[in-house]
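Taken from TrEMBL, the feature transmembrane segment applies to 20-40, 61-83, 89-108, 115-142, 175-198, 249-276, 296-319, 353-372, 384-406, 418-442. Residues or ranges marked as domain 'Major facilitator superfamily (MFS) profile' in TrEMBL: 22-442. Residues or ranges marked as region 'Disordered' in TrEMBL: 205-239, 445-530. What TrEMBL records for 205-217 is compositional bias 'Basic and acidic residues'. Under the heading compositional bias 'Polar residues', TrEMBL lists 518-530.
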Amino acid sequence: MGIPVPDSTLGPRVKPPDGGWGWIVLLGCFVITGFSYAFPKAVSVYFKELMHNFNVGYSDTAWISSIILAMLYGTGPISSILVNQFGCRPVMLIGGLLAASGMIIASFCKNIVQLYLTAGVFTGLGLALNFQPSLIMLGAYFDKRRPLANGLAAAGSPVFLSALSPLGQFLLEKFGWRGGFLITGGLLLNCCTCGAVMRPLKAKTKEKTEDKSEGKEMLSPGKVEEGTADVTGDNTKKKKEKSKKSKKLLDFSVFSNKGFVIYSIAKFFLVLGLFVPPILLVNYAKDIGIPDTEAAFLLSIIGFIDIFARPTCGIIAGLKWVRPRVTYLFSIAILFNGLTDICSARASDYKGLVIFCIFFGISYGMVGALQFEVLMAIVGSQKFSSAIGLVLLIEAVAVLIGPPSAGRLVDAYKNYELIFYVAGVAVTFSALFLATATYYCLRKTQEPEPPPPENHRKASDLPEQPDTPEPPEEHSGEQNLTKVEQPETDPGPSENRTAAEEDQLEEGAPAKEGAGQNGSFDQTAERSSS
């Protein structure tokens, strides 16, 4: 089950090759996913320096990551519209330039509000214009191997997280936060390279051309013009209908799917608490006296564990007996993540935080590998482009609420334990709601309908009665003449002629024979033969 997008994006629907150039597309998607998900967390290593530089609090600096994630999610419908109009490759190229320019301009900012606009809005929008099209292209190239491909692409997030966090700490110590932002902007230009390799699939038109030529040869000479007109008219109508469908920017009919509604609600509560611990983890470690380098290394631990968790979970999700039940596996992964937050809330030393990072990395990797696979399974391939845009828009609201609210709680109570509890409860509720609602809906759809009572049987179920022949009517001949107009001179078939009519016909035979040269005899003979 691939992910074909409208014609303007990938052309006619093509069977996913499950390999070939798809592996290059997978590599590009790996890099894009890494930047999109790891960058909002990795930028948190600069927060302590930004707080001292601009004299702001935790909640103010946490808004940078929240805005990036909000743009990544909230601009999903905009990305869907642009992809449907211009295709994946041009949108990704523009997005790469926008993301890089946002971080480069941010290195010259004078206050925190300017950082919100540059590092938050510009960079977040640029990442969004890369992230969604890369997922669409990945689904277009893979079908049978799609769970594995999603798992490998999702592994880009932990790989980049484990690399960007130490790199950010090194750049901060070597060049300051301004130099770090400038160099990071240069790294984001690699998104343009990834967009350039997103080659759209093309359908083979050879078979269609042969079918059309055979159809033209089968037309009789007398009906060539008429048949051609019919074919042209049908093709014109089909093209108009096709163009109307392709102009449909967003398909809101996905909200009529109960599974999609359940998934969207569950993802809202999931995102509400999912990103809070990793965003505030580094600052928490620094506050309890852990050195800056070791504090930044905690994110690398999450990323390292996540690297192996995502492909492994993708392989498990592709098993024959697991893939039909992938939603329940997704619920287990979410529940695992929520319980990890709750159980690790009392961790107050470096060893406890390392244990938290190990279990959080496993659960976070499982969630990341399954989230889009579940969405594809729910809405189907044709509606995925619109569905993911709408889901990301819903998640954007949760992203704007979660981390900033957690930062305000830290400023108010100076207690990180409360933050872990709140985040864990939100994530756990998401898991329980998704599993329970999915089970209830599937149970209702699988219940067989009771057979109708025998006294209310449909007329179609009754045995057919044989048709009784109607008695011949006296005026049936007049009715036949009314239906088929015949000339008065036509004597009709020889079986229905009277003796007088036969004599008249024999007497006029010579005259008719002479008139046969002008075509009249041919017509009479043709009528009598009929």
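Cβ atoms here come from the backbone N, Cα and C positions, even for glycine.
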Contact set, same chain, for the transmembrane segment (89-108): CB under 8 Å, 6 or more residues outside the stretch: 32, 35, 79, 82-83, 114-115, 118-119, 121-130, 133-134, 178-179, 181-182, 184-186, 188-196, 198-200
Chain residues outside the transmembrane segment (175-198) and at least six past its termini with a C-beta under 8 angstroms from it: 24-25, 27-29, 31-32, 35, 39, 46, 49-50, 53, 88-89, 91-93, 95-97, 99-104, 106-108, 119, 123, 126-127, 130, 133-134, 137, 168
Outside the transmembrane segment (61-83), six or more residues from its ends: residues with CB under 8 Å to it: 5, 9, 36, 39-41, 43-44, 47, 50-51, 91, 112, 115-116, 119-121, 123-125, 127-129, 131-133, 136, 249-250, 271, 275, 279-280, 385-386, 388-397, 399-400, 402-404, 406-407
Segment confidence, the domain 'Major facilitator superfamily (MFS) profile' (22-442), expressed as mean pLDDT: 82
